[in-house]
Amino acid sequence: MVTGWHRPTWIEIDRAAIRENIKNEQNKLPESVDLWAVVKANAYGHGIIEVARTAKEAGAKGFCVAILDEALALREAGFQDDFILVLGATRKEDANLAAKNHISLTVFREDWLENLTLEATLRIHLKVDSGMGRLGIRTTEEARRIEATSTNDHQLQLEGIYTHFATADQLETSYFEQQLAKFQTILTSLKNRPTYVHTANSAASLLQPQIGFDAIRFGISMYGLTPSTEIKTSLPFELKPALALYTEMVHVKELAPGDSVSYGATYTATEREWVATLPIGYADGLIRHYSGFHVLVGGELAPIIGRVCMDQTIIKLPREFQTGSKVTIIGKDHGNTITADDAAQYLDTINYEVTCLLNERIPRKYIH
């Protein structure tokens, strides 16, 4: 995707915020527990390479990604010796590519290990489906057979075993406890404990630090975002959001009563009012459902009017502004703030989706 460096729309990523979130989490972990930075989906929209560098500087001991291509991008960017785990499914024909690049893969089916052609040792992490219902083995028999396969094949190393909690971001813990118990049953069925046992995502690491095992997978909260609104007041430390989204007014004009804007003419002025056109739209991740939400101009709220277009959006101004005036879509402006949580609430989604939607057409600028 082409990045729009010649357009006045940009994302600022505060590296100091990422470092602070990591340090605060590390301070509550036992020294024996590693923190792995989850940088999948372009680091949740924050930029995979720069976030990985920042996380490593802050003390992260490795990285988790969703697909092999993300792991290879890290290797190509200079992370040659760092631990990298692919959490999602990888094609069998790509196993050798992962092995040659010392990338750990998730295994969740016995048949995946059959007839692999490897030129180097492949490190695998056994995924246990303890109740999430996506990927993973579900019985002790499966776990023992996969362990036996890896033991008998000198080119396979059962490096880790893990699970993922479905309700760690909820205050009610009964289902979480059921999952943990099932995982522990499968873990104890193995003859040898793998090097890495890991279960905790951001929510679990924040609320259930006792189940850190050997490593935690620190994702959404590394970026300063709360795993869910339900647990926001129960966090052990304040999270610092790292992402802000800005643009500038490229056209300012006054509407007369009866004038309409954007596709479908869904918004019509009832009085004289000032509006501005912003060079950002749903092709950038500012989806059409943002219509009716608001931005900040000079610290004041300005509603998004009419339909969000592919490349442009129109806002109603509280008064006349100069062309080129800065607009805050996510972030702080003169003491007021619009957060990813605010946008998520309006869009009826979660903060993860808000930032992940912001694609690479918007340039990232890294500060601090």
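Note that the numbers count up from 1, one per residue, in the order the chain is shown.
Placed from the backbone N, Cα and C atoms, the Cβ positions cover glycine too.
Among the features that Swiss-Prot reports, active site, proton acceptor is placed at K40, Y263, with the record citing sequence analysis. Marked as substrate binding site by Swiss-Prot: R134, M310. The feature N6-(pyridoxal phosphate)lysine is assigned by Swiss-Prot to K40, with sequence analysis given as support.
Structure coloured by features recorded in Swiss-Prot.
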| residue | record | DSSP (3 states) |
| --- | --- | --- |
| K40 | active site, proton acceptor | helix |
| R134 | substrate binding site | coil |
| Y263 | active site, proton acceptor | helix |
| M310 | substrate binding site | coil |
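Straight-line distance linking the Cα atoms of M310 (substrate binding site) and Y263 (active site, proton acceptor), rounded to a whole number, equals 11 Å. Its own atom aside, the Cβ of Y263 (active site, proton acceptor) has 11 Cβ atoms within 10 angstroms in the protein chains shown. With a 10 A radius on its CB, M310 (substrate binding site) counts 11 other CB atoms from all the protein chains.
Counting other Cβ atoms within 10 Å of each Cβ, the recorded positions K40, R134 show the lowest value at R134.
Y263 (active site, proton acceptor) and R134 (substrate binding site) are 40 Å apart (CA-CA, integer value). The two recorded residues, K40 (active site, proton acceptor) and Y263 (active site, proton acceptor), show a Cα separation of 35 Å.
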